[in-house]
């Protein structure tokens with residue numbers, strides 16, 4: 001039984017009334033998963049479009065006119081559409097009486113991947129550090145890590161409490177992203193290269209707000225909700241070990257990736273920021289998908305995710321100098337394999353649930369049992 005709580009004033013008083021109006025125009029024959037997947041495809045297409053014009057995150061800094069204005073406006077449009085589709089898919093499922101565990105997994109599984117894609121697309125707006133403006137690739141890595149950490153905490157919280165407390169940061173971040181793209185499209189990327197207040201740039205303010213929001217609101221709220229469930233004796237896991245188990249693989253993943261970033265002989269993050277950060281997002285998504293499945297099925301997560309073993313080998317080979325000049329090639333191969341493995345995993349799980357529940361993924365029709 002899916003259980004979620006949303007207390008964000010922005011969502012409750014502004015966005016939800018908008019979604020309630022939009023949902024009325026969605027035809028009843030459309031499957032909720034089709035809405036979810038359409039939104040994901042839109043942000044994925046937008047990401048590759050931006051990547052085409054700005055592969056190394058320098059277009060907005062060194063060559064401000066390199067990314068056409070229409071790309072930023074298109075980014076605002078696709079971000080809003082993806083935000084809307086992700087917000088109404090559950091409403092549409094209840095409206096068509098087609099709510100299933102497959103829909104919940106499909107929604108949250110794609111969200112775990114989309115979270116990183118939203119962030120990686122936004123980095124093209126502010127650009128990487130060029131000595132005068134922009135943010136360093138290490139700040140980008142930290143920014144992405146904090147966002148993924150917040151997402152992880154939400155599902156770790158549900159693993160222990162059985163309730164998904166929707167983070168306030170989601171709606172706020174979506175509105176900020178849309179506004180940022182519109183601002184860039186109408187004013188130009190130069191707005192990000194001028195001090196906003198007391199010598200701080202807009203990007204500096206956003207990073208400070210993100211860190212502050214995570215450390216002083218999001219994470220404390222997660223701990224409070226788990227503590228409250230403990231006092232009410234409604235925790236799903238009795239022991240501390242079982243409760244912390246889902247955090248082991250994500251934290252080890254972060255440690256290995258950080259070691260690679262810091263100790264890389266060729267400074268791999270600076271050489272291939274987009275490829276490296278994409279790999280981080282995909283690996284994280286697969287690890288969290290396993291946690292989501294365990295949380296939904298009340299099963300015990302594995303202590304070490306299998307991604308950790310090949311990643312550890314690659315990191316060791318890189319920082320020890322065994323790869324030499326092949327470090328970038330090794331990153332490319334590893335990223336390709338991780339992405340392929342994640343897509344394969346998602347397809348297999350989707351098919352298995354589809355057959356088990358006797359439903360189609362993208363249709364409201366029932367399967368004909370053999």
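Keep in mind that glycine also has a Cβ here, set from the backbone N, Cα and C atoms.
What you are looking at is a predicted structure, and each value in this text was computed from that prediction instead of being measured.
Annotated features, as they stand in TrEMBL:
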TRANSMEM  25-49  transmembrane segment
TRANSMEM  69-85  transmembrane segment
TRANSMEM  135-153  transmembrane segment
TRANSMEM  165-184  transmembrane segment
TRANSMEM  196-219  transmembrane segment
TRANSMEM  240-263  transmembrane segment
TRANSMEM  275-293  transmembrane segment
TRANSMEM  305-323  transmembrane segment
Count the CB pairs under 8 A between the transmembrane segment (69-85) and each of 25-49, 135-153, 240-263, 305-323, then give me the winner.
25-49
When only pairs 6 or more apart in sequence are counted, do the transmembrane segment (275-293) and the transmembrane segment (25-49) reach 3 or more Cβ pairs under 8 Å?
no
Tell me if the transmembrane segment (135-153) touches the transmembrane segment (196-219). I count contact as 3 or more CB pairs below 8 A, with pairs 6 or more residues apart.
yes
Is it the case that the transmembrane segment (240-263) and the transmembrane segment (165-184) have 3 or more CB pairs under 8 Å, with pairs at least 6 apart in sequence?
no
What else in the chain is close to the transmembrane segment (305-323), if you only count residues 6 or more beyond its ends and a Cβ gap under 8 Å?
249, 252-253, 256-257, 259-260, 263-265, 268, 283, 286-287, 290, 330-331, 334, 337-338, 341
Quick check for me: are there 3+ Cβ pairs below 8 Å between the transmembrane segment (135-153) and the transmembrane segment (25-49), leaving out pairs under 6 residues apart?
no
